[in-house]
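Below is one structure, written out as structure tokens, with a few remarks after it.
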Ligand SMILES: Nc1ncnc2c1ncn2[C@@H]1O[C@H](COP(=O)(O)OP(=O)(O)OP(=O)(O)O)[C@@H](O)[C@H]1O
């Protein structure tokens, strides 16, 4: 699924939890920062000089250290015989060792492992390197070692190791749960060998499923299956080594494909997906990094999260955010979910770019959605602004049909295949092929369709009715409003920055409170009636974060997280005076937000430069180290002082080409408005006691040149709902909110007062106190739904106590009366 550098928007499933440690980032600054989620393409892969994924050269200790795994202690190499796939053998899982001890680290090789491209260009396979000698791991400082939780990490094999009859050569890439190597068989044939390195609960099963599926696919559009060792302590399988490069790298290096080339690519991919469909499976992770291209041949790789389609729902959110079909965010897998991703993939192939938030629009796309008017790169002042990439008109209608919001409005693969073939043969395809019976039943007659030219676009209105063409109007209709504005919270970098921290530290329980506070701050209407818990769950799905657990001794609450983050106050001698405290450096670029402006005054940044990284779940070193504000070590302080993001001035002046509601951000608007609040929170509480990192003096930045937004384009965008306006609620409203939050407390106090003062003999009603308590609970619940931070559990417990107390009093007094006292 991923190449050496996990991409932005590629939230590797197994980068969560106790999976292997990803490659160290090339840029330290980038490494320190959480990053953008939805950029379509990953950061550039490391160069040959950079550490390779091969463990021997990977300085990440967790990656290179053979440690005990959940399947048992790691072995230096796997010599087990291959398993014939036709026989399903249950995998023995040895009990984990009771007392895991750090295992030796393979000695680093003297020469860096050659980069895949270098190795592939060579005709001769490099001679197998001798297995590295284990050497004792360097002793960690005692206090630090004690602070580190013991996490089982499956070892990552080194070049030169043998698996079955194969000798591993260089690493070709890795994802969250497996590493792929070029390997040489005893008979000198070359294969791509995939080794399981992730430690998810179901990693073994998923891995075996991938191998079995690959075998069944028999090389039709996928690498040919060769052999597997699934019973091994570290399972592996060998497959055809597909020459060439990924589509992502090809587009980056050689530019976008022409319309005809993209249609040729579409044909091969649709055929491959039809084969997959025959096997009743879905790929679920179609993206340019998962397509190998070699000349005109395209091969789909990485069936790691392919799902054999047996139900309408999935328990596991999966996919790469930028290319994910909207229904997958809600865990509803549909047989046409791959059709959606393929549509966006073709857009990327043909234009070399993918607008950031297409799958968050909540409606069918229109032609203007497909191009991003803002240039992707740094433009010197004197240069003319580059034209936005144009989509081939034949592809455009195809892409618009394939990316319809409702899965059953998308054409089936068979129809897409027919249209693509017709286009490649320069004949006119039947226009009804791009429609579905569902779409027709929603309001378009076959006659209407036949009246449209075959190459025409059939934009949807909302996602139910087709646009009825008005002969007097040539412009595109304005689509209906965005239906799910709260989805845009994922672009809110202030919120996402805190959530990424909370999650990285293992405090998922605190996240709900963070969301509740944030929504209450920016306006409850943004939540669109969703509860903080629902929003939090959705964000976890969208980011593919798995449930984490907090470090021992800390409650999984916001308070617990704060305590974890700042257990000790910073001594006065080390505190930086508030006024001289430097502004925090923007740590991350989240989708749609802008990157820091370059230093050179002659250049401006139009959008994300360099490509931002995704929030990689659970990569924060803080989860191991805990807050150490007093320790001045650069690594710790770099993370511990990770500040709330601040938009650099040059970037704030950028024109938004999308309305704020659908743009990365509710984003720009609310992101900015909440930035101050978030920063305030940052200073006041969330990172109390942590000093922000020093920041170099701000560089002078040129005013960005603003491309005047073409009016029709802006008009064609959805209008911003009220939720989008940058806002901080006016003080009377905030005061009213604070007063309202006091009402349930007062009601509860009244209930308790009644309870303790009521006098049975005076005939006081026993129901008054419970009634007041219930009213307090109800009001608190309403306020909570409205986005206020209320502790519902407190009201529930209090109501129960008042009820029980009243009942007890009533029982006592009636007994007393009956006895005649
Ligand atoms: N058959 C193959 N031939 C050549 N190169 C391959 C082959 N399979 C994978 N690769 C290379 O290895 C890289 C990683 O492969 P893949 O995406 O399958 O890894 P993964 O560990 O399954 O990813 P994830 O865990 O994210 O699902 C690819 O980007 C590609 O460069």
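Residue numbering: from 1, along the chain as shown.
Each Cβ is built from the backbone N, Cα and C atoms, and glycine gets one as well.
If you look up TrEMBL, you'll see 194 marked as ATP binding site. Around residue 194 (ATP binding site), the C-beta neighbours below 8 angstroms that are at least 6 residues distant in the chain are 178, 179, 180, 181, 210, 236, 237, 238, 239.
According to TrEMBL, the compositional bias 'Low complexity' annotation covers 1-18 (among others).
The annotation compositional bias 'Low complexity' is assigned in TrEMBL to 26-51 (among others).
What TrEMBL records for 663-676 (among others) is compositional bias 'Low complexity'.
The compositional bias 'Low complexity' annotation in TrEMBL covers 687-721 (among others).
What TrEMBL records for 166-433 is domain 'Protein kinase'.
The region 'Disordered' feature in TrEMBL is assigned to 1-141 (among others).
Annotation comment: TrEMBL describes 462-482 (among others) as region 'Disordered'.
What TrEMBL lists as region 'Disordered' is 566-598 (among others).
Sequence annotations record features per position, and here TrEMBL assigns region 'Disordered' to 611-721 (among others).
Per TrEMBL, the feature transmembrane segment maps to 767-785 (among others). Sequence-distant contacts of the transmembrane segment (767-785) (same chain, at least 6 residues past either end, Cβ-Cβ under 8 Å): 516, 529, 531, 740-741, 743-745, 747-748, 750-752, 754-755, 758, 791-792, 795-796, 798-799, 802-803, 805-806.
Here TrEMBL flags 792-811 (among others) as transmembrane segment. Listed as Cβ neighbours of the transmembrane segment (792-811) (distance under 8 Å, sequence separation of 6 or more from its ends, same chain) are residues 744, 748, 751-752, 755, 758, 760, 766-767, 769-770, 772-774, 776-777, 780-781, 784.
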Helix, strand or coil at residue 194 (ATP binding site), per DSSP?
strand
Across the domain 'Protein kinase' (166-433), average pLDDT on the 0 to 100 scale:
85
